[in-house]
Every structure is written in structure tokens, then in C-alpha cells.
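Visitor: Structure incoming, see below.
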Amino acid sequence: MASVTLKNVCKAYGDVLISKNVDLEINEGEFVVFVGPSGCGKSTLLRCIAGLEDITSGDLYIGEERMNDVEPSKRGVGMVFQSYALYPHLNLYDNMSFGLKLAKADKKEIDKRVEQAAEILQLGHLLERLPKALSGGQRQRVAIGRTLVSQPKVFLLDEPLSNLDAALRVQMRAQITKLQRQLGCTMIYVTHDQVEAMTMADKIVVLDGGFVSQVGKPLELYHYPENRFVAGFIGSPKMNFMSVQIVDVESERVQVKLSNGVTFWVPVDGTTVNKGDRMSLGVRPEHLVSSAQGDAVIDGEVMIVEKLGNETQVYLNLESADADVIYRQPDTLDVDSGDRLEIGIPAHRCHLFHSDGRACKRLFNEKGVER
């Protein structure tokens, strides 16, 4: 195990800057997930840590050692790619032991490591099979096992579940999390799927356009996003945003007016807000309530209803919203397309964002989050 530290790291291809002034501290034994949309620089950053890409400027440390000029094979990292990259003519044992054989490791040591990895990954009964005889999930476990036998100080995983179907992704998600807890290893995992990030990570790094947008525990990012990008990216379905006008301001609450003229107080830090400002009000679909329970009521035409059995998602057309407002309720809701529906907004679950995307600090204390 080892810590990983990035100090003002930048990566450029010619004049195009991909990773921009990245500062990160990843502790020993921590499971960290890099998440963000396509093209945000998350895989590039992982490849810089692995040594597959040169760092343009800044410093990378693994443990106490500066790694900028150290070749990949000597960094003590192991990498699992989106592609399984298994040798089709070799059985599982030979695939998993290939790197150790290349390094001329002792035969007994090779056998010991492969057997241990196979036991952990539940592959012991498959060691004589060729990759073509395996399922997608089993092939992915072999790829992880090949990295595991090299006993790296840091595991790097670049979108390892992207090629799997939805049900298998859920299963492998749990297995990788269990493996990391069992080994206590330092693991850095790249994904564009915020659900993977929320369910697996000790700490999430949200990337946007090469910059680190926010770093924190999953529930910190969910309940207390520092900007509108993180608020909209973390959570599924995404957060609803509505344009509001600021009517009054106090140090620990702000009065907002919706497009329908309804006003209510939102418990946020008001020190950066001015009367008359136009701002974005954010509220998550699962935090909306019935009209009787809300501090403010909005109504709109029902456009789409998704009845999933365990929950219902309703898409409402609302003039003041940036897109259809999504209302999410457990169980089945008796509503159909074309109906008018009133829903309530609970003030204490609301977020408030400046025009430049900065969030006002929320003052309501959510369960499960240390502040």
C-alpha cells in the first residue's frame, strides 16, 4: 500500500491543456474514484499516475518518492483497462502468471500468488480454461487477478466495467468493492458512471474540463455540492434547476421568488447574495414532496410518467425550470400524461447557485454527513 500525491499537475498535448493544476492527496488504503463526463481528463490523469503519459508540469509522488521520471514498471502500480487484454491462446493460469514469468519469478512463488488471487476472485476451478470459455464478468476478474498477482502498491482501474451488461456491472461493482476492503489496498478507479462512484468510493474526485471540481465523500457531494456542475452530475435522476429572484437576504437564510410569484425562505449562507439577484434554485427529484407538505407549491403539465413498480418518476413541464422538472416518489403514483399535478418544495432540501455556478453554503444538517 502507498499514498498518492499530485501537486499542481498539468498535462498538455501540444497547446491543448487536458489536466489543469490538479492537487490531490490519496491516502494509503483509500478507494478513490475519478468521475466526470467524457473528455474531462480522468483517464489521462490515471495514465499520468501509471507513467503511460508524461506529466507536463507539477509533481507526482507515490509514497515519499517523486515519480515524474520513474518508468512505469518501477512505480509499483498495477493497471486494469476497459479492454480485458487477455491472451486468447493461454489458459487462466498462464494469463495471470504471465508477468511474473516474464520477470523470472520463482515457480513456487508464482503458484502461490496465482492460487491466492484465484481464491480471492473465485476463479480456482477455472484456471485451465481459455478466455473464450468464460463470461464477461469472469474475464474481467481474470484481468483483475493478473494485476493482483503482481502485488502492486497502488491499483489503477480505467472503466473496467464498461463492457459488461447492467446486471453484471452491479455484481462486479460489489465484488471490486469487497476485494478492495479485503486487501486494504490503495485503489484509484475511473468511471463516467456516478452510480459506480457513489456506491464504491471512500472519496470521489469530480473532474470537469480538466479541473478538479470537488473532492469529498459520496454523501458530501450529494448533499453539499460546491457548484452547479457537481450538483447536476451527482445524483440520478439529476437535480432540478429553476430560475428564481432574490427578494430578501439575511445572514443565514435567503428569500426567493419563483416564476409563479410564490416566495419562501431557503436556509443557506446569505453573505454572498444580494437583493434582486437572479439565481438558480436546485432541488433533487427525490426531495420534492406532496403539495400539502411543501413550503412552496409548483404545478405543471405531466409530460411523461415512468412507473417502475418500486417508484414513479414524473416529468412536469414548468416554464421557470431549465428542463422538465422530475418528481420521484416511492411506490406507484396514480397520474398520467396530460394531467396537471401540484408538488411541494421543501425549503430545507433546496440548493442555491450564483450565475457563475458557485453554490451558497447549505445550513441544514443532513443525516450521515459530518461537517
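Cβ atoms here come from the backbone N, Cα and C positions, even for glycine.
For G36, P37, S38, G39, C40, G41, K42, S43, the entry in Swiss-Prot reads ATP binding site. What Swiss-Prot lists as domain 'ABC transporter' is 4-234, and the listing cites sequence analysis.
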Visitor: Test of understanding: give the count of other CB atoms lying within 10 angstroms of the CB of C40 (ATP binding site).
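Guide: The answer is 22.
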Visitor: Using the centroid of the Cβ atoms of G36, P37, S38, G39, C40, G41, K42, S43 as reference, list every other same-chain residue with Cβ within 8 Å of it (recorded ATP site), in sequence order.
Guide: H192, L207
Visitor: Given a 10 Å Cβ-Cβ cut-off, pick out the one of the binding-site residues P37, G39, K42, S43 that has the most other Cβ atoms nearby.
Guide: K42
Visitor: DSSP secondary structure for G41 (ATP binding site), reduced to helix/strand/coil, please.
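Guide: DSSP assigns G41 (ATP binding site) to coil.
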Visitor: Fewest other Cβ atoms within 10 Å: which of the binding-site residues G36, G41 wins that one? Let me know.
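Guide: G41, out of the binding-site residues G36, G41, has the fewest neighbouring Cβ atoms within 10 Å.
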Visitor: In sequence order, what residues of the same chain, 6+ apart, have a Cβ less than 8 Å from the Cβ of S38 (ATP binding site)?
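Guide: When sequence neighbours closer than 6 are ignored, S38 (ATP binding site) has H192 within Cβ distance under 8 Å.
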Visitor: Could you give the mean pLDDT over the domain 'ABC transporter' (4-234), rounded to a whole number?
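Guide: The average pLDDT of the model in the domain 'ABC transporter' (4-234) works out to 93.
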